[in-house]
């Protein structure tokens with residue numbers, strides 16, 4: 001859905017996160033650890049908790065909280081296995097839909113930030 005041109009200005013009493021879809025999206029995925037977790041799942045697919053710790057470098061309490069938040073937002077699914085006992089995390093369809101966003105951000109970063117090369121490259 002596109003805004004009219006120009007988009008309406010919010011009223012001073014409006015909650016920005018209610019009236020602006022971009023602000024809502026950043027509120028959901030915009031933290032450093034949420035982005036790192038989503039990006040890791042995009043790059044490497046389904047992972048165990050310990051694998052996500054390695055690929056994101058998040059400590060266990062932080063990663064546990066982030067995965068719970070992303071699961072509540074329906075961006076990540078959790079799958080339990082009995083033999084051997086393991087918990088796996090993967091992206092849902094809405095989580096997968098963020099891949100194009102990561103590609104666009106990477107292109108923007110190459111053009112407008114000082115980093116020579118990213119730590120890892122997102123592929124389409």
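Every residue gets a Cβ built from N, Cα and C, even glycine.
These numbers come from a predicted model, not from an experiment.
The following features are taken from TrEMBL:
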DOMAIN    20-117  domain 'HTH hxlR-type'
Per DSSP, how many helix, strand and coil residues does the domain 'HTH hxlR-type' (20-117) have?
61 helix, 14 strand, 23 coil
Can you work out the mean pLDDT of the predicted model over the domain 'HTH hxlR-type' (20-117)?
91
